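So that you can see what the record holds, here are the features copied from TrEMBL:
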type	residues	note
DOMAIN	48-141	domain 'Cytochrome c'
BINDING	C70, C73, H74	heme c 1 binding site
DOMAIN	192-298	domain 'Cytochrome c'
BINDING	C207, C210, H211	heme c 2 binding site
Amino acid sequence: MNRFFFILVSILAFFPLSGCKDKRPNPDLEKFVVKNVIHPSNNPFNEDKVELGKILYFDPRLSYKEDVSCASCHNSASPSEGFPRNKIHNSAPSLTNVALYKDVFKDPEAIELEDIVKEKVHSSLVLRDEAKTVQRLSSIQGYRELFNRAFGTPEITLDRIVLSLSTFQRTIVSKNSSFDRFVMGEETALTPAQIRGWNIFQNKAKCVQCHHGPNFSDSELHATGLPGIKDKVRTPTLRDVSKKKLFMHNGAFGSLEDTVNHFAEGGHAKGLRDPLLKPAELSDQDKKDLIEFLKALEGEPIQWEIPSIPKA
Ligand code: HEC
Ligand code: HEC
């Protein structure tokens, strides 16, 4: 905590809220900008692996009954509204910036993205019959070519499926938001309301206690005062949050306004609440400014075309 407030204070000391005459980016604020995602040495980046991972992500033939793909549930990063949305899974988390969370997934055994992807491939798709999935994909010539390009040999294994899905997911990153451009020295990138909102976010409302760093997430679990919810939930990124239609892990809120109100009130009195969550005395204008600030975290659109998947 102390370290955190120290960082905060030093950010504020360096951050001229009015004027901002110096065009050079501020090194302290730069910590909020996503620059690179680190691809681990046991699963290095290559373009072909990304391409393969993307195709697998959309291919329902990965699932036992050939009816669900990763994208059927995790489609919020896809601009294609045409993709069918499943009501029940509306609140599957967006996988945007998933590579930026620090080793906290729901499953305490999972440390790397590969671990959680492997678990997901099992629990959501192949169930107990991974051999069947592998066999099915192996019978498709187009896939053997894609695996060959990505891994150097055409062999199809569950591990390779997991590796390529993970590499693809690491490329889904929200970048170059107005906030990032502002931090990098483009002083007109934020409106006055957004600058006020950023100030409220840090000080009056203390949202930064949990939403900090380049991903606006501490990667920690917290109780956020939703009535009836006993489990703690990991702090989600706030990047691209204004593009969402449902908020919170269970879709409890249908608007950013309701969500911000919830946090401004320190969570619902009847819900389990993290001690860090305290009511902040925010005026209506403050709340509007906060929302304007959240909009400044919208990255440039992630250009996705649903790939054509190899025919059987
Ligand atoms: C039936 C819907 C469904 C399908 C299909 C599905 N997921 Fe998920 N996924 C979820 C839900 C719900 C969660 C959040 C709760 C949890 O972790 O169980 C989640 C969590 C995740 C996470 C962790 C996200 C985070 O922020 O911690 C990753 C990564 C992930 N899924 C990847 C995948 C991949 C890759 C596939 C395809 C192989 C896939 N999922 C298929 C519903 C689904
Ligand atoms: C105690 C830590 C904590 C504090 C303080 C906090 N948040 Fe959060 N925030 C969370 C967690 C954890 C979630 C996820 C809750 C869930 O999914 O049920 C969340 C979710 C959100 C969401 C919804 C994100 C989504 O993808 O659905 C928004 C918006 C948000 N917070 C904004 C704020 C604002 C604005 C403040 C300050 C007024 C704030 N938060 C203060 C921990 C915190």
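Note that the numbers count up from 1, one per residue, in the order the chain is shown.
Note: Cβ is positioned from N, Cα and C throughout, glycine not excepted.
Nearest to H211 (heme c 2 binding site) in space, judged by Cα atoms and limited to the binding-site residues C70, C73, H74, is H74.
Checking the binding-site residues C70, C73, H74, C207, C210 against ligand 2, the ones whose Cβ sits under 6 Å from it are C207, C210.
Selection of the binding-site residues C70, C73, C207, C210, H211 by a Cβ distance under 6 Å from ligand 1 yields, in sequence order, C70, C73. Using a 10 Å Cβ-Cβ cutoff, C73 (heme c 1 binding site) registers 19 neighbours.
Ranking the binding-site residues C70, C73, H74 by the distance of their Cα atoms from the Cα of C207 (heme c 2 binding site) places H74 first. Summarising model confidence by region, the domain 'Cytochrome c' (192-298) averages a pLDDT of 94. For H74 (heme c 1 binding site) paired with C210 (heme c 2 binding site), the C-alpha to C-alpha distance reads 24 Å. Within the domain 'Cytochrome c' (192-298), the DSSP-based counts of helix, strand and coil residues read 38 helix, 8 strand, 61 coil. C70 (heme c 1 binding site): 25 other CB atoms within 10 A of its CB, across all protein chains. Sequence-distant neighbours of C210 (heme c 2 binding site): residues of the same chain at least 6 apart with a C-beta under 8 Å from its C-beta are S217, D218, E220, H222, T235, D274, L276. Those same-chain residues not listed among C207, C210, H211 yet with C-beta within 8 angstroms of the centroid of the heme c 2 site C-beta atoms are F201, K206, V208, Q209, H212, F216, S217, D218, T235, L238, F263.
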